[in-house]
Amino acid sequence: MSTTTYTPRRGTLARTESRQALGFVSPALAGLALFTIVPVVLSIVMGFFNWPTFGDKEFVGFDNYVRLFTQSPDFWPALRNTFVFALLYVPISVILSLLLALSLSSRIRGRGALRVLFFIPVVTPMVANVLVWKMLLQPQGLFNGLAQSWFGVQLPNFLADPQWAMIMVVVMSVWQGLGYNMLIFSAALEQLPESVVEAARIDGAKGFRMIWSVMLPMISPSIFFASIMTMITSLQVFAQPQLLTGGGPGNATQPLVQFIYNQGFKFQELGLAAAAAWILFAIIIVLTALQFRAQKKWVHYEH
Amino acid sequence: MKKIHVGAVAAAAAAALVMTGCSTGGGDASSDTVVIDMWAGSQSDTDALNAQLEIARKQNPDLKIELRTAPWGDFFTKLTTNMASGNMACVTGMNSGMLSSYTDGFLELSDADLKTAGIDLADFSAGADEILSNKGTMYGVPFDIATMLVYYNADLLDAAGVAHPEAGWSFDDFEATAKAATKDGKYGFAVGMGDFQWQALPIAKAGQQPVEQDGTLALTDPAFVDAASWYSGLVTDEKVAAPVASASDTGWGENQYAGQNAAMAVDGTWNAVSYLNNDAGFTAGMTTLPSGENGSLGLILGSGFGIAKSCKNPDAALKVLGSMLSPEAQDYIASSGRSYPARTASQPLYFESIDEQFRPQVEEVFTKAFEQVQGQYVSDNWSKVGTYIQPQLVSVYNGQETMENVLESAQQQFGK
């Protein structure tokens, strides 16, 4: 059997096989095209049109983008709210969950149960979480009730005060998302190579030095992953403000995604909504790219 | 290889386009079939519609009539798509609060059209012709009518030693009742967040709507601003109502009332039966909106049917519409207690369907409440105005913003 005689045959076989393979993947490709590619392309197109849900569509070029930046009274506040939320939420969430993972990494009794406890908010439906938080925070709620009966202090109406409302959205979101990052960090901490830890211990490292100089650098890929994912989800925040504060009072807690939702589905301005969505997309891409560039300085992949 | 991939993706994309194109089609019926499109949220809703459909079939044996339904929320999304694709059902259900966004799809009804349908508006409740009208043009005929009422918790009022309000009471009576009932951690009144719920009292007090009949926004009209400021003052000055906890509490007043935290709240006649039979077990009562120097103006709301502009056989559709609103069909919805019928002759049957112990009160209050009503005027961007004002109301009720400022900025933003 000489290879030369088989070469052309193998070529036809490969071709037939790839054709058959294509037959097998075509349902997936059709699905991808129908549910991903077409809507994405359509949304780009929509961004350049005055596109009411019903009625005549009209090409307006970059008008939607200009309108967003110069005329829409809610766009800049929405952008500001999104950034305020992300700036507060990402560091607090990452640091707290890291602390939690570190304190649960030593062999303390019942840490499995504690981990489950902290993870519960991640798996419970957001609507239920928000309902509980509302019952805690409203003036007739638990916090105000306790403050009044114990200290005789009247707490502010948290969800109706422009300053407090955003803080409470962040607090609730941190509580809700804490368990997920904690789980990532816990997994990374469990995987620390024994040899490195032992070598550091022999060299006399312990306590803060051990965590700062040995453990953190070694789990830095996980920290990087968690902070990127947390940042992306925080820029896309919608459910918490929508359900907890309704974007109010006024537009004090209305993030960009809620703005997009209102434009598209309440005001039927699909073109404007699509344009705003692409601005959000651009922001997320740029920030993620910057993070990827910065990671070279602080993320260590080699053990 | 590359070529094949590109080809495959192109083929898949083409297939996708064909598929999306197909999905808007279908449902096309031959021209001698009249399709009725109506919302129905449950089996009992559908059964009731089918009973009315039977009446329509009996009255029009020569026509084929079909029924399409969708739940309330989906109905309007579907209607938007159907309108965009020219596939709207000849006889389509419509609600007074939703009409302004859909006028483009409906046929303007003339007197001749009503005659074809066999409908004489004189048989209907006063103001019924305004329910499905927009800027003076009529697009549909209602099968039921509704307006806003003040509901009270008789147990809370008794506990506070306050007399129950009676139909025809004044704004002074209202304030006195609210003040007296505010004690022991309960509030006398609960403010509304929904458009109808919060605007009902200001409109009644001002004697005018925040929109003019031609659709011009008039939020800053001094009479309305005064009345609305008085309304928010119930929370901030009189302290007879609790400040709203969050802008996401869109049903604040109704929930506070149902949860027995407040003795009174404003809600529509459509909830009368559910409040009377409330699960919490308190004794509910109802009365008309209070009246002041400017009378007690109420809005007449309701749902009905219109004819699609794209309908190929409007005469047949009008006949079906007439049958769906015929005395027999109206008697049916009235006696089943589903809603308060628009035909005056059928209205007594509605009261008969109500539990005997509540019947006299419901009959008295309903009759009186519909005496001074006006169709709702809306501007073209009315839903935007509502969406803008609602989260601002929270700031107003919490004293961080004044009602005047909010109405002013809404007028500036949407009144162009």
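Cβ atoms here come from the backbone N, Cα and C positions, even for glycine.
Per TrEMBL, the feature transmembrane segment maps to A:21-49 (among others).
Among the features that TrEMBL reports, domain 'ABC transmembrane type-1' is placed at A:79-291.
According to TrEMBL, the transmembrane segment annotation covers A:83-104 (among others).
Using a Cβ-Cβ cut-off under 8 Å and counting only residues 6 or more beyond its ends in the same chain, the transmembrane segment (A:116-136) has close neighbours at 100, 142-143, 159, 168, 172, 175-180, 182-183, 239-240, 243-244. The feature transmembrane segment is assigned by TrEMBL to A:116-136 (among others).
What TrEMBL records for A:164-189 (among others) is transmembrane segment.
Per TrEMBL, the feature transmembrane segment maps to A:210-232 (among others).
The annotation transmembrane segment is assigned in TrEMBL to A:270-290 (among others).
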Residue numbers, six or more beyond the limits of the transmembrane segment (A:270-290), whose CB comes under 8 Å of its CB atoms: 43-44, 46-53, 57, 60, 64-65, 67-68, 72, 75, 82, 228, 231-232, 235-236, 256-257, 259-261, 263-264
Sequence-remote partners of the transmembrane segment (A:210-232) [C-beta within less than 8 Å, at least six residues beyond its ends]: 86, 89-90, 93-94, 97-98, 102, 177, 181, 184-185, 187-189, 192-193, 196-197, 200-201, 284, 287-288, 291-292, 295, 298-301, 303
Long-range environment of the transmembrane segment (A:83-104) - Cβ separation under 8 angstroms, sequence gap at least 6: 111, 114-115, 118, 166-167, 169-170, 173-174, 177-182, 185-186, 189, 211, 215, 223, 226-227, 230-231, 234-235, 237, 255
